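One structure is given below, encoded as structure tokens.
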Amino acid sequence: MTNDIKDGILTMTRISIVRHGQTEWNLHRRIQGSTDIPLNSAGRAQAAEAGIVLRERRWDVVVASPLMRAHETARIIAGELDLPSPEIVAELTERHHGEIEGLTFTERQARFPDGVLVPGLESRQDVLDRVLPSLARVAATHAGKSVLAVSHGGIIGTLIRHTTGGERPRHDELIANGSVHDFVWEDGELVLVHFDASVRSPGEIFPVIR
């Protein structure tokens, strides 16, 4: 159990996870994975907007994936919140997508249809095996506080599937750039409090593995 105990009371740590702002690859629907792509101007504006909205809540610390798009989003948000520079948590980096990184979703579907093994694709279980222990460490370090983490769509989606028993996200639900998803770390487990879902347009192509 990684929760801190003070005066016999188990403390709960709030961890809200933001998806980074838009990049040019997001705009052109290219799969990024661990490829290090920076924010575009729209992404920087999304990060600033998220920071302004998040001012309505109390935050103690900002942590982030080391990839440029997440770290820059976190720096912009931290500036809006008057918090120190983000702490880097290496395990929050995006899911590795192997040979489909750099492909558009249409190209990916043509080359590796659903059900076809993608060389180098990190499994969701492997994602959980690296991300959950890192969140446990963050919760222990900042026990009882409010942590804002900036990460990636694949990471957030995997955590939501894990905490909802696979019920969400539904096929029509999108984890949008700049969206904020609320969790708590309590009694040694991650619990979903709020899923900030957007709904995809009808007929939008979006493969199962993304």
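Every residue, even glycine, has its Cβ placed from backbone N, Cα and C.
Per TrEMBL, the candidate among Arg58, Arg69, Arg75, Arg95 that belongs to the substrate site alongside Arg19, His20, Gly21, Gln22, Thr23, Glu24, Trp25, Asn26 is Arg69. When every Cα pair among Arg19, His20, Gly21, Gln22, Thr23, Glu24, Trp25, Asn26, Arg69 is compared, the largest distance found for this substrate site is 15 Å. For Glu94 (active site, proton donor/acceptor), the spatially nearest entry among the binding-site residues Gly21, Thr23, Trp25, Arg69 is Arg69, judged by CA separation.
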